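Inspection log for the structure reproduced underneath, given as structure tokens.
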Amino acid sequence: MSSWNEAWDRGKQMVGEPLAKMTAAAASATGAAPPQQMQEEGNENPMQMHSNKVLQVMEQTWIGKCRKRWLLAILANMGFMISFGIRCNFGAAKTHMYKNYTDPYGKVHMHEFNWTIDELSVMESSYFYGYLVTQIPAGFLAAKFPPNKLFGFGIGVGAFLNILLPYGFKVKSDYLVAFIQITQGLVQGVCYPAMHGVWRYWAPPMERSKLATTAFTGSYAGAVLGLPLSAFLVSYVSWAAPFYLYGVCGVIWAILWFCVTFEKPAFHPTISQEEKIFIEDAIGHVSNTHPTIRSIPWKAIVTSKPVWAIIVANFARSWTFYLLLQNQLTYMKEALGMKIADSGLLAAIPHLVMGCVVLMGGQLADYLRSNKILSTTAVRKIFNCGGFGGEAAFMLIVAYTTSDTTAIMALIAAVGMSGFAISGFNVNHLDIAPRYAAILMGFSNGIGTLAGLTCPFVTEAFTAHSKHGWTSVFLLASLIHFTGVTFYAVYASGELQEWAEPKEEEEWSNKELVNKTGINGTGYGAAETTFTQLPAGVDSSYQAQAAPAPGTNPFASAWDEHGSSGVVENPHYQQW
């Protein structure tokens, strides 16, 4: 732990000076008043001070006026957009790596590399080996540590690694490229589970679909922007341009994310009391204790039919999503005879339609639930099975039509219909087990990632010798979705599972530890230790509630990471 703290302190010192210049420029541009001195002279923390300045400047813009839970959703949307845009870079760049090509200006370019399409497919899919490995561990980490920091770490480091990828290509080292891809997958594998961990504290039950789908729509918006932008940059600038652009954007986003997001409403220094009370009252008692490896009901999770319904649905959706993300431009080039520069924008339309459907579906799903028109279980099943059923049907049309126009229209309709399913399986974890939502997301997304691993090889096997192999590719995608529809319709549930809450003795044991020592047993700060229920026979003198110290500077306290022994008095205290 000491080595981690030393590394963290060194990191603060390294970023302190450039962050100071950035915040000074922002303050000058907005006319913000200089903040109060955050710490005593001689004990200054550069990163804390300048992050507080950034937060104060942001509070004078639209960010300060935005409800904090929706600010989280919007920034998360941008983060997912960058993350999934990064995944489009390789697919666009590889089309110029293994054969000669003519750019839009008529100039013929000789390919720079001697790799075959098979070798490039292996390097591209290596991302998913890393992505798969961190799924279940990421779910546990997101339940154990502040999930907002974990999410920012995944996007920021993944973006930085994207900047390094062109170097691996230029030195013509397939091992280095594969290593960077695997490492990218490792760090970005934490993002989905971490975001589910964030919504555990920030999403009121009747807003779960809206908030979660707003955030996750970034995944599909990432493809909407990433496919045409990557194709444009590869065609008009260079094959390395998309890697650099997305890498820089991701690093900038990560800095903003760390400055303005917090683990819980109680930790946020500038959230309105109205919003804070609304969220906490709606969610109810959220345990301050966090699961340990021994306390997680692994057997119940693995044997739960509703959990497996989510997993099967996740795999089905992942199969088609990665199929299109990795091969849509290739399909349009080989099967439909389109140029890469021309097909980029057209390839984005299905994902654009899906993004719109996801947002509308989230609003409609929560409307049906909040007005008690349908039960949560009914909403999840109808949206998931309707979306997947429509996608499977249109995929059959794509597989067997001989008209290019019909194929494109059916592909747009298929991907668009799948948007309804996001209000089904993709938020279902929060319904059945909010305490373990991050872990369930890691579990289901990990198995779903197998689709990303196997899809490139299956597609290559079908299409290696003839463009007619694309019929088999889309037929298989349709059958996988019909399987997902059937399984989810039979076994899915929207009700809280009996194993989803901790046992009373585990809950009380951790609460008593917090009360007596003032230190959260999870290893990071938590101040709002309000105990509303006590086990029978326990003296009421154990009931306690930590209160903020009077006069606490909310900006300074929000970044205070050096807790002292004894009761934590700072309501915004958070420690990694």
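Even glycines carry a Cβ here, placed using N, Cα and C.
Among the features that Swiss-Prot reports, topological domain 'Cytoplasmic' is placed at 1-69 (among others), with the record citing sequence analysis. Taken as a whole, the topological domain 'Cytoplasmic' (1-69) shows an average pLDDT of 52 in this prediction.
Under the heading compositional bias 'Polar residues', Swiss-Prot lists 36-46.
Away from its own ends, the transmembrane segment (70-90) comes close to residues 63, 123-124, 127, 148, 151-152, 154-155, 158-159, 162, 165, 181, 184, 188, 191, 195, 198, 202, 211, 214-223, 225-227, 229-230, 242-243, 246-247, 249-250, 253, 256-257, 260-261, 325-326 of its chain (Cβ-Cβ under 8 Å, at least six residues beyond either end). Marked as transmembrane segment by Swiss-Prot: 70-90 (among others).
Marked as topological domain 'Extracellular' by Swiss-Prot on the basis of sequence analysis: 91-121 (among others).
Under the heading N-linked glycosylation site, Swiss-Prot lists Asn100 (among others).
According to Swiss-Prot, the N-linked glycosylation site annotation covers Asn114 (among others), on the basis of sequence analysis. Sequence-distant contacts of Asn114 (N-linked glycosylation site), defined by Cβ-Cβ distance under 8 angstroms and a gap of at least six in the same chain, are Lys172.
The feature transmembrane segment is assigned by Swiss-Prot to 122-142 (among others).
Per DSSP, the topological domain 'Cytoplasmic' (143-150) is made up of 6 helix, 0 strand, 2 coil. Marked as topological domain 'Cytoplasmic' by Swiss-Prot on the basis of sequence analysis: 143-150 (among others).
Residues annotated as transmembrane segment in Swiss-Prot, with sequence analysis given as evidence: 151-171 (among others).
Within its own chain, the transmembrane segment (175-195) has Cβ neighbours under 8 Å at 76, 79-80, 83, 86, 90, 122-124, 126-135, 138-139, 141-142, 147-148, 150-151, 153-155, 157-158, 161-162, 164-165, 167-169, 212, 215-216, 438-439, 441-442, 445, 449, counting only residues six or more beyond its boundaries. The annotation transmembrane segment is assigned in Swiss-Prot to 175-195 (among others) on the grounds of sequence analysis.
Swiss-Prot lists 196-213 (among others) with the feature topological domain 'Cytoplasmic'. Same-chain neighbours of the topological domain 'Cytoplasmic' (196-213): 68-70, 72-73, 76, 139, 142-143, 147-148, 150-151, 263-265, 278-279, 282-283, 286, 358-359, 361-363, 365-366, 369-370, 422-423, 426-427, 429-431, 434-435, 437-438, 440-441, counting only residues six or more beyond its ends whose CB sits under 8 Å from a CB of the stretch.
Taken from Swiss-Prot, the feature transmembrane segment covers 214-234 (among others), and the record attributes it to sequence analysis.
Residues annotated as topological domain 'Extracellular' in Swiss-Prot: 235-239 (among others).
What Swiss-Prot records for 240-260 (among others) is transmembrane segment, and it gives sequence analysis as the kind of evidence.
Annotation comment: Swiss-Prot describes 261-305 (among others) as topological domain 'Cytoplasmic'. Residue counts for the topological domain 'Cytoplasmic' (261-305) under DSSP, split into helix (H, G, I), strand (E, B) and coil, are 20 helix, 0 strand, 25 coil.
According to Swiss-Prot, the transmembrane segment annotation covers 306-325 (among others). Distant neighbours of the transmembrane segment (306-325): 84, 87-88, 91, 128, 223, 347, 350-351, 384, 388, 391, 395, 414-415, 418, 421, 424-426, 428-429, 432, 440, 443-445, 447-452, 455, 459, 473, 477, 480-481, 483-484, 487-488, 490-493, 497; these residues of the same chain sit at least 6 beyond its ends, with a Cβ under 8 Å from one of its Cβ atoms.
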Stretch of maximal Cβ-Cβ contact with the transmembrane segment (214-234) [cut-off: under 8 Å; candidates 122-142, 382-402, 407-427, 438-458]: 407-427
DSSP-derived class (H/G/I helix, E/B strand, else coil) of Asn114 (N-linked glycosylation site): coil
The topological domain 'Cytoplasmic' (428-437) - residue tally per DSSP class, helix then strand then coil: 9 helix, 0 strand, 1 coil
Interface-richest range of 122-142, 151-171, 345-365, 382-402, 472-492 toward the transmembrane segment (438-458), CB pairs under 8 Å: 122-142
The topological domain 'Extracellular' (235-239), counted residue by residue under DSSP: helix, strand, coil: 2 helix, 0 strand, 3 coil
